[in-house]
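Below: one structure in structure tokens.
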Amino acid sequence: MPKIVVLPGDGIGPEIVASAIEVLKVVAPDLEYDEHKFGGASIDAYGEPFTAATQEAVKNADAVLLGSIGGAQDSHWNTLPRHLRPESGLLALRKALGVYANLRPIKVYEGMEHLSPLKPELARGVDVLVVRELLGGVYFDPERWINEMEGFNAMRYKKHEVERIARVAFKAAQGRRNKVTSVDKANVLEVSEFWRREVVRVRESEYSDVALNHEYVDSVAMLLVTNPSRYDVIVTENLFGDILSDLGAVLPGSLGLMPSASLGDGAGLYEPIHGSAPDIAGQGIANPTATILSAALMLRYSLNRPEAADRIDAAILRALNENPTKDLGGSAGTQEFTQTVLQLLKETVSA
Ligand SMILES: NC(=O)C1=CN([C@@H]2O[C@H](COP(=O)(O)OP(=O)(O)OC[C@H]3O[C@@H](n4cnc5c(N)ncnc54)[C@H](O)[C@@H]3O)[C@@H](O)[C@H]2O)C=CC1
Ligand SMILES: CC(C)CC(=O)C(=O)O
Ligand SMILES: [Mg+2]
């Protein structure tokens with residue numbers, strides 16, 4: 001039986017993870033769950049965001065399903081030494097799993113154009129895959145400090161880090177529209193010039209059938225929301241990918257629609273791209289779609305169950321049309337939306 005480590009986390013995390021588990025229990029009833037406190041919840045219980053017991057559990061998991069971590073701007077967690085904060089736990093989890101490739105699909109499904117704030121002709125058919133490097137760049141460089149006079153972080157990329165993420169992007173493009181846009185800031189940064197050089201080298205030696213172009217991150221921030229159809233696969237470094245993918249949530253219409261899969265050589269990590277949404281936590285109105293779709297990605301990538309994943313995708317699509325959540329202008333709360341998804345899944349079984 002595949003073992004799934006479940007980390008609900010903080011804020012809306014427990015609400016949206018509960019929905020995803022309800023859905024998984026219908027389409028993959030044999031999965032085994034091992035739930036652990038993580039992030040702020042773990043800090044409050046054990047004094048650290050990612051305990052040794054949780055580290056041990058994820059090491060032995062087939063996949064990890066995460067809600068979200070972190071608190072509001074004025075949270076007591078933000079006054080702790082940085083290595084003891086929820087976000088440090090998340091970075092440590094990604095590192096422990098070795099998940100260097102964060103796949104963040106931005107999709108406007110057919111019939112969902114009306115949920116997008118974009119003009120229908122722009123929203124129609126949007127299908128961009130952001131491949132975000134997840135274990136390098138400013139988030140991870142060991143050289144970092146803060147003192148009375150300055151704060152310092154560095155963006156550094158090594159050859160093997162660019163090489164492996166470029167391969168993921170080119171391979172993904174081969175199964176899609178065969179085009180990769182590498183996003184950087186090579187007009188200013190040496191690290192980006194290096195990134196660009198390595199991406200070109202990987203293409204020339206291994207993926208010459210895939211079209212490659214380069215764009216600067218500032219211009220992509222504009223073009224992604226004004227001309228999304230120019231993109232197939234976007235490959236970029238950690239910080240740029242973090243920001244661009246939240247921006248990409250404008251295309252389908254909500255952060256609550258944006259799933260992700262983080263992959264390396266071992267177990268995958270599946271989480272919505274959004275955070276713990278402290279402003280709506282505990283109100284029962286969070287959109288669980290991103291987490292449910294992340295669970296579908298888990299079935300696809302880690303558990304090799306594409307049919308179960310397809311069932312979830314189809315039910316979500318119908319549920320979003322029939323009973324949209326509040327962030328999309330509808331009236332469904334987390335539970336009502338989840339019940340709609342479950343009902344639709346049951347109908348597909350009996351059909
Ligand atoms: N992977 C993770 O666990 C991440 C954690 N964070 C942490 O989350 C905390 C809050 O960060 P914010 O900057 O406020 O970003 P956020 O992504 O939590 O929220 C931004 C806005 O989107 C809304 N939103 C997010 N998810 C939603 C959903 N499923 N349904 C409906 N509305 C949704 C929120 O209500 C809020 O207005 C911080 O502590 C931050 O560090 C932020 C990003 C990722
Ligand atoms: C909270 C950060 C560690 C990361 C983040 O914003 C993300 O991965 O989307
Ligand atoms: Mg983010």
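Note: Cβ is positioned from N, Cα and C throughout, glycine not excepted.
All annotation found in TrEMBL is predicted automatically rather than curated by experts.
Marked as domain 'Isopropylmalate dehydrogenase-like' by TrEMBL: 3-341. Residues or ranges marked as substrate binding site by TrEMBL: Arg94, Arg104, Arg132, Asp218. If you look up TrEMBL, you'll see Tyr139, Lys185 marked as site 'Important for catalysis'. Per TrEMBL, the feature Mg(2+) binding site maps to Asp218, Asp242, Asp246. What TrEMBL records for Gly275, Ser276, Ala277, Pro278, Asp279, Ile280, Ala281, Gly282, Gln283, Gly284, Ile285, Ala286, Asn287 is NAD(+) binding site.
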Can you check which residue among the binding-site residues Asp218, Asp242, Asp246, Asp279 has the largest number of Cβ atoms within 10 Å of its own?
Asp242
List nothing but the largest Cα to Cα distance in Å, as a whole number, among the residues Arg94, Arg104, Arg132, Asp218 that the record says bind substrate.
27
Whole-number Å distance between the CA of Arg132 (substrate binding site) and the CA of Asp242 (Mg(2+) binding site)?
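On Cα coordinates alone, these residues lie 7 Å apart.
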Measuring Cα to Cα, tell me the gap between Asp279 (NAD(+) binding site) and Lys185 (site 'Important for catalysis') in whole angstrom.
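So the alpha carbons of Asp279 (NAD(+) binding site) and Lys185 (site 'Important for catalysis') sit roughly 33 Å from each other.
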Would you mind pulling the DSSP three-state label for Asp246 (Mg(2+) binding site)?
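Assignment for Asp246 (Mg(2+) binding site) reads helix.
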Setting Asp218, Asp242, Asp246 aside, what same-chain residues sit with their Cβ within 8 Å of the center of the Cβ atoms that define the Mg(2+) site, listed in sequence order?
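After dropping the recorded site residues, what remains is Val217, Ala221, Leu239, Phe240, Gly241, Ile243, Leu244, Ser245, Leu247.
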Less than 6 Å between Cβ and the nearest atom of ligand 1 is the rule; apply it to the recorded positions Arg104, Arg132, Lys185, Asp246, Ala281.
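Among the recorded positions listed, not one has its Cβ under 6 Å from ligand 1.
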